[in-house]
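Undergrad: Below is one structure. I have some questions about it.
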Amino acid sequence: MQVTQRWNREQAISLFNKPFFDLLFQAQQVHRKYFRLGQVQISTLLSIKTGNCAEDCKYCPQSSHYETKLDNEPLVQLPQVLAAAKKASDAGSTRFCIGAAWKKIHDRDMPLLEQIVTGVKAIGLETCMTLGILKPQQAQRLAKAGLDFYNHNLDTSPEFYHSIVTTRSYQDRLNTIENVRKAGIKICSGGIIGLGETISDRAGLLVELANLPEPPSSVPINMLVKVRGTPMFDNKDVDPFDLIRMIAVTRIMMPTSYVRLSAGREQMNEQTQAICFMAGANSIFYGRKLLTSSNPTEDSDKRLFRKLGMQIEKHTTIKNSNWKKKKLLLHDNQQHDNTISS
């Protein structure tokens, strides 16, 4: 179900400026209307190609433009990806996300990516990828393989964007999101706070997302993880109340989207995370590592969920017809193999 409203920046800013408890109350009302209280969706993120990225995103340690002492890693192959996906499934994740430090996907990598989607779905997980700029025909191929989600963040407002990135335009990002939408893949798109942006920039980001033809199915809200060697290492820390306000306004403006408390959780105490969940966050990344940054352990997340009385949401995705056919073929082949071996 999609609930859409055209937003303008003034309306969004007025939400940010609400008294804190009034804002929290409104966000909680919206959250209770469209989601089960106390349910959290769990994703696991794997980097299949780390570092040496041609982009100059000022927040990112994977950029080749900065000296961050990050160990570059080559492309991970299918068996290692599927082993990681199985481990994520066993730990309780319902979605497996694949990231690569690319500006764009090369056609030569498409067969591997298609095999990854098919293999991960055979494990029973939803699939998500974040691989940079995506051309229409590439989006269609990934959709045919069964890809559920594609992540492509807008990062910040259109006005502030070029202070952060110069190697990819804002329109490039919007074009990729449109290619994803037209291919029938669900959109995952959000942004980062702590880049030096203003309240107006945060409002502008959310207006862009909320006013897409279809708001994203999933909206990750990242808090800047400062890495020595990047231009943003000396940025001011994000005030926890600013993060909570960002979560709450996101929930109000995109009532049916999953709001993911994403990068930066390792720097948050349990109380901050709890209020973020109260403000409308209902998704997290699970596992010790997010691309290159640390993340709370599964055990610490489970302890927090127990304290809050929260439960992991069960996997309910309906697979597309192409995937159903592939699943039936896979099942038939397995039955045939069992007959031969018996």
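Placement of Cβ uses the backbone N, Cα and C atoms for every residue, glycine included.
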Undergrad: In Swiss-Prot, C97, C188, R260 are given as binding [2Fe-2S] cluster, so which of C60, C128 is in that site too?
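TA: Site partner of C97, C188, R260 for [2Fe-2S] cluster, according to Swiss-Prot: C128.
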Undergrad: Can you check how the pLDDT averages out over the domain 'Radical SAM core' (38-262)?
TA: 90
Undergrad: Under a three-state reduction of DSSP output, how is C97 ([2Fe-2S] cluster binding site) classified: helix, strand, or coil?
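TA: Assignment for C97 ([2Fe-2S] cluster binding site) reads strand.
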Undergrad: Take the C-alpha atoms of R260 ([2Fe-2S] cluster binding site) and C57 ([4Fe-4S] cluster binding site) and report the distance between them in angstrom, rounded.
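TA: With distance taken Cα to Cα, C57 ([4Fe-4S] cluster binding site) is 21 Å from R260 ([2Fe-2S] cluster binding site).
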Undergrad: Suppose the [2Fe-2S] cluster site is C97, C128, C188, R260. Which further residues of the same chain have a Cβ inside 8 angstroms of that site's Cβ centroid?
TA: S43, L45, R95, T130, F149, N151, S218, P220
